[in-house]
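The following features are taken from Swiss-Prot:
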- 1-18: signal peptide (SIGNAL)
- 24-47: region 'Disordered' (REGION)
- 28-43: compositional bias 'Low complexity' (COMPBIAS)
- CYS68-CYS342: disulfide bond (DISULFID)
- ASN106: N-linked glycosylation site (CARBOHYD)
- ASN141: N-linked glycosylation site (CARBOHYD)
- ASN261: N-linked glycosylation site (CARBOHYD)
- ASN337: N-linked glycosylation site (CARBOHYD)
- ASN359: N-linked glycosylation site (CARBOHYD)
- CYS367-CYS378: disulfide bond (DISULFID)
- CYS372-CYS411: disulfide bond (DISULFID)
- CYS413-CYS422: disulfide bond (DISULFID)
Amino acid sequence: MRVVVVVTGLVVVVVATALSLPDHDVKSASSPLSSSSVYQGSSGDDCDEGLPPPDRPFYVVWNHPDTCKRNRIPLHLDHYGFIFNKNRLFLGEEIQTLYNTGLWPNISETGEFFNGGLPQLFTHHDYSETVEILGRYRTENFTGLGILDFEEWRAIYDTNFGIMRKYQDESIKLAKQRYPSYNKKELTMVAEQEWDQAAREIMSTKLAIGQALMPGGHWGYYGYPRTWGSKRNTQLRNNRIDWLWRQSTGLYPSIYIKDPNMTESAIAEFVSGNVEEAVRVQDEFSPPNTPIYPYAMLQSGDHIFFQVDHLKISLGLPAKMGTSGVILWASSNRYKNATRQCSRMRVHIDNVLGPYVENLTQVMADCSTTLCGGHGRCVHNSHDVLLGETDSQRLSGLCTPRHSRFRDYHCRCYSDWEGACCQTVRPSRCHKQQQGNVHEGGDLQEGHVVNVVNPLIG
């Protein structure tokens with residue numbers, strides 16, 4: 001089964017059809033086109049058209065509460081080229097990090113089940129609250145970053161460990177009720193299959209609703225993808241949710257450094273690992289040009305601001321690896337003492353962060369223009385997960401003299417360009433079909449239809 005979310009003049013309709021959704025052999029995903037068309041993706045070999053290319057290769061996006069503006073302590077973000085919402089709002093036309101996206105099944109710390117507790121028992125399949133809530137934040141002609149942030153449980157069954165282990169345990173109990181004669185191994189297999197399918201239905205449908213309400217946005221989930229130990233385990237697990245990468249039009253891994261005692265080498269390994277995996281799944285599964293924006297922080301747990309050495313890792317390293325930018329996020333808890341925090345933040349921006357961001361974004365833009373004709377991003381030879389060391393060395397220097405400051409970089413072209421220097425227009429073999437504004441999502445029960453009036457359109 002698959003979900004189709006249709007936006008008509010006055011309603012948002014979530015429909016389940018009996019069509020099977022391919023799991024591994026087809027590269028299909030929604031794309032933010034006009035309000036009357038749909039992107040029909042196929043495999044990477046058959047379809048080269050993707051999302052629109054960016055106007056600059058790298059941005060730093062500000063996603064802090066608007067506390068400083070409300071307290072009349074201005075932060076000079078515009079002086080240094082940050083991207084931010086109008087009036088410094090947390091939710092706006094450039095970025096929306098959404099925590100409340102309607103009903104989700106979850107189990108409280110005391111063991112109380114809400115909305116079924118487990119995805120398998122989720123009883124609110126009309127998703128009307130999700131439509132209503134996302135409708136409140138609907139921005140006309142939204143082309144920014146749309147992020148759904150849900151962290152109570154994870155999409156992959158066996159990644160629910162630690163404090164999330166209760167979801168595995170309760171899923172096995174549920175399976176035992178249905179299959180009392182099964183042994184533990186068999187029950188675990190059933191629990192895993194049922195969990196993965198139900199989690200997919202919920203996550204995919206909520207993502208599809210956001211895409212339908214604001215089709216020009218780059219939609220995805222916070223913290224996806226991430227690493228899971230070894231590279232092999234990471235790839236095997238993340239390949240199990242390839243449906244999410246195919247549907248997402250933005251990838252938002254987390255590179256938060258929560259342990260202030262981590263060494264620089266450990267931090268670099270952590271950051272590069274998560275960014276590498278995002279680059280891999282984007283290349284293998286997502287629509288071409290799907291942006292990657294890791295979430296990063298400016299302060300450690302004890303409120304000490306990170307200095308340039310750390311910024312070179314949390315901002316500079318993702319830039320070298322070819323991401324679209326980095327989102328700088330902070331909780332409202334950081335601003336409980338607003339006057340002190342905002343005053344310190346302004347000093348940090350003016351003396352450390354701002355000049356670094358301004359220089360970094362300009363360097364990446366200059367490199368793109370010099371090496372790639374503005375038709376791609378520069379990727380450092382030692383940080384390209386998509387190329388082997390020999391390939392990186394072979395490409396190095398093809399587009400710039402050896403004495404150039406960009407001699408250690410090569411081009412990763414946007415989807416409509418190709419060649420070592422992104423100098424050749426790539427013919428597109430995609431076809432835009434006039435089928436209304438449709439976004440395909442995950443599975444629902446056959447015949448299930450939801451017809452919900454959009455509060456902002458109706």
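Placed from the backbone N, Cα and C atoms, the Cβ positions cover glycine too.
A quick note: this is a predicted structure, and the numbers were derived from the prediction, not measured.
If you take the CA of CYS378 (disulfide bond) and look 10 A around it, the recorded positions you hit from CYS68, ASN141, ASN261, ASN337, CYS372 are CYS372. Among the recorded positions CYS68, ASN337, CYS342, CYS413, CYS422, the ones whose Cα sits within 10 Å of the Cα of CYS372 (disulfide bond) are CYS413, CYS422, in sequence order.
For the pair CYS422 (disulfide bond) and CYS68 (disulfide bond), the C-alpha distance works out to 42 angstrom. Taking the Cα of ASN106 (N-linked glycosylation site) as the reference point, the closest of the disulfide-bonded residues CYS367, CYS411, CYS413 is CYS413. When other Cβ atoms within 10 Å of the Cβ of ASN141 (N-linked glycosylation site) are tallied across all protein chains shown, the result is 10. Taking Cβ-Cβ distances under 8 Å and a sequence gap of 6 or more within the same chain, the neighbours of CYS413 (disulfide bond) are CYS372, HIS375, GLY376, GLY419, CYS422, ARG426. In this structure, the glycosylation sites under consideration are ASN106, ASN261, ASN337, ASN359, and the one with the smallest number of other Cβ atoms within 10 Å of its Cβ is ASN261.
Other Cβ atoms within 10 Å of the Cβ of CYS378 (disulfide bond), summed over all protein chains shown, number 27. Comparing local CB density within 10 A for the disulfide-bonded residues CYS68, CYS342, CYS367, CYS372, CYS422, the maximum falls on CYS372. In the structure as shown, the Cβ atom of CYS411 (disulfide bond) sits within 10 Å of 28 other Cβ atoms. CYS342 (disulfide bond) falls within a helical segment according to DSSP. Mapped onto three states, the DSSP output places CYS68 (disulfide bond) in helix.
The two recorded residues CYS342 (disulfide bond) and CYS411 (disulfide bond) have their Cα atoms spaced 39 Å from each other. If you measure from the Cα atom of CYS411 (disulfide bond) to that of CYS367 (disulfide bond), you get 9 Å. ASN359 (N-linked glycosylation site) sits 31 Å from ASN337 (N-linked glycosylation site), counting Cα to Cα.
It is 28 Å from the Cα atom of ASN141 (N-linked glycosylation site) to that of CYS68 (disulfide bond).
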